[in-house]
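Input: a single structure, listed below in structure tokens.
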Amino acid sequence: MDLSVKIGSVQLKNPVMTASGTFGSGKEYSEFVDLNELGAVVVKGIASKPWDGNPTPRVAETYGGMLNAVGLQNPGVDHFIKNDIPFLKKFDTKIVVNIAGRTVEDYCEVVEKLSDTEVDLLELNISCPNVKEGGIAFGTQAKMIERVTSEVKRHSKQPLIVKLSPNVTDIAEMALAAEAGGADALSLINTLLGMKIDIHKREFALANKMGGLSGPAIKPVAVRMVYQVAQAVKVPIIGMGGIMNGEDAIEFMMAGATGVAVGTANFANPFATMEVLDGIKGYMDRYGVKDVKELIGLAVGNIEFNCM
Amino acid sequence: MSLSKIKVATKIMKHSLIATDVYEMWIENKEMAKAAKVGQFVALYCKDGSRLLPRPISICEIDNEEGRLRLVYRVFGAGTKEISCFKEGETIEVLGPLGNGFLTKDKNVSVIVGGGIGVPPLLELCKQLKGEKHIFLGYRDTVFLADEFKAYGDVYIATEDGSVGHKGNVMTLLKEKGLDIDQVYACGPKGMLKALQSYVLEEQIPAQLSVEEKMACGIGACVGCICETNDRTMKNKRVCKEGPVFSAEEVVL
Ligand SMILES: Cc1cc2nc3c(=O)[nH]c(=O)nc-3n(C[C@H](O)[C@H](O)[C@H](O)COP(=O)(O)OP(=O)(O)OC[C@H]3O[C@@H](n4cnc5c(N)ncnc54)[C@H](O)[C@@H]3O)c2cc1C
Ligand SMILES: Cc1cc2nc3c(=O)[nH]c(=O)nc-3n(C[C@H](O)[C@H](O)[C@H](O)COP(=O)(O)O)c2cc1C
Ligand code: FES
């Protein structure tokens, strides 16, 4: 059974990755799962300087999902290089660093500092709904996406993944802009902007009022967007949004994803990444699929697909 | 490589209502009981898949011989409501033990202060602490567990409605007693902890406070549950990982 896939120039042993912000820098979940088994560990968004993030409450459960307004709290890139890279290098898995910034210069500073490290891939977060500057402000206008992508791309030695926001009217247009800017891959989706109100206490569930919705509740939106983007671009796509098991992952791959990332599911089940991987293998066994790459984009532009 | 943390299906050995909306649940898992320390918590998972996140509940008692943990919780919302319907003999998925608990310091005179649903974790603490213990328990109306504390020290009770013990809060009761205190341990609502914090800081009494925050992962990965501290290198600490117990000098409430 061949499970390997390629993101940009980087070969992953299997398509299962972690979604940024839901897996820390790998340490916490390494007590539950063997990180060697993962295709890649995608770490929490890292900025040029330490960020404090938003006040609490930062998380709230919703039906089949959750809202978060963490606000990209992180200890900064220097701390990451010193403390987290040596830890992650102990494992045979690829390291993907998610990059946060308030300005284009911020992003470039992080990218430059990471250029001589053993980080395998970079993921540009231009889609965080929880910060005033940077984040989503860059990710909702095609022109801006292209500019930021090409600027960051010029500074980066590693292949660049651009993470798209679902909070737009035309996701394919944004994807094309990132591709035009030089993105080597795209990941989607980031969280959907949401809100929860406690009607009894008459207060917002999150201190930030609004937050990012994730988990199984958003899966159909994510699958649809992966499908639309897969039709528009040539670069590989990393699909995420509510993946809980192997079947969800296969659905994303058929919609056009090359890699899949497991996020909120980790909170509901710390073994989720391993169960997704086992589920993919189980599906391949059941249907006699020898190479996982055969599944990628089956639903895209394939007239036979509905007649199976 | 060793994978040290566990999430397991534990058997519910005992499950009963002990006061209005307050339940006790004994769960069995030898490994978890052996690893559990006073002041730590576990996270309980609902069976209904629409509720994704685990519910953090403090460890009330540790029975190492039988390999059991006692949890005491209040039905608060939909998740704890669902959990309260789990039957004895059924299993419940549990993650833990989690967090850092109390550091038991065997001083001469310890004061233990609990408020409402913050009372349960203090029972195991009182069991393990040596020396003279003065236990202050505050409730809104219904009193629970208080009798069990009497085996370990002097118990003073305050209720907001005055139905049992002193009418009012534990702080006035504590100040009235005018004890010569070496160490304070507390768990309860933020308002109570705040009042206690300013008191112990003024009186220069060492104190450990167990705080609460909304959580998602429960293991330090999501940075959802932070609380502010005056540590210069790490201002925002994770309640689930560095906490839930912090020293009164460190935590900003
Ligand atoms: C470290 C710690 C120890 C705790 N120990 C106890 C205990 O021993 N006994 C007890 O009765 N309660 C305890 N709590 C509070 C308990 O976790 C909540 O009452 C419970 O999660 C509410 O869940 P729900 O589904 O009924 O409420 P809902 O409001 O429906 O829950 C929605 C979401 O919010 C979260 N949530 C709601 N209230 C809290 C809260 N106060 N703290 C953290 N998350 C919350 C839930 O876990 C869930 O994810 C503790 C909380 C913490 C942080
Ligand atoms: C608590 C939390 C923190 C997150 N932090 C980041 C982040 O730092 N950078 C980023 O690009 N995405 C972040 N995300 C978004 C996830 O990576 C992912 O895109 C989203 O949650 C959808 O996937 P899921 O439904 O499987 O969780 C975060 C999500 C959650 C729930
Ligand atoms: S709940 Fe995730 S860090 Fe504490």
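Heads up, the Cβ atoms here are built off N, Cα and C, so glycines get one too.
Unlike curated entries, TrEMBL annotations are predicted automatically.
Because the structure is a prediction, the values reported are computed rather than measured.
Here's what TrEMBL has on this protein:
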- B:ARG55, B:PRO56, B:ILE57, B:SER58, B:VAL72, B:TYR73, B:ARG74, B:GLY79, B:THR80: FAD binding site (BINDING)
- B:CYS217, B:CYS222, B:CYS225, B:CYS240: [2Fe-2S] cluster binding site (BINDING)
- B:4-104: domain 'FAD-binding FR-type' (DOMAIN)
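Only B:CYS222 of the binding-site residues listed as B:ARG55, B:VAL72, B:CYS217, B:CYS222, B:CYS225, B:CYS240 bring a Cβ under 6 Å of any atom of ligand 2; the order follows the sequence. Only B:CYS225, in sequence order, out of the binding-site residues B:VAL72, B:THR80, B:CYS225 have a CB under 6 Å from ligand 3. Residue counts for the domain 'FAD-binding FR-type' (B:4-104) under DSSP, helix first, then strand, then coil, are 13 helix, 47 strand, 41 coil. With a threshold of 8 Å between Cβ atoms, none of the binding-site residues B:ILE57, B:VAL72, B:THR80 neighbour chain A. Same-chain neighbours of the FAD site beyond B:ARG55, B:PRO56, B:ILE57, B:SER58, B:VAL72, B:TYR73, B:ARG74, B:GLY79, B:THR80, judged by a C-beta within 8 angstroms of the site's C-beta center, are, in sequence order, B:LEU44, B:LEU71, B:PHE76, B:ILE83, B:ILE117. Applying an 8 A CB threshold to same-chain residues 6+ apart, the list for B:ARG55 (FAD binding site) reads B:ALA43, B:LEU44, B:TYR45, B:CYS46, B:TYR73, B:GLY79, B:THR80, B:ILE83. Checked against ligand 1, the binding-site residues B:ARG74, B:THR80, B:CYS217 give B:ARG74, B:THR80 in sequence order as having a Cβ less than 6 Å away from one of its atoms. Of all the Cβ atoms in the protein chains shown, 30 others lie within 10 Å of the Cβ of B:CYS222 ([2Fe-2S] cluster binding site).
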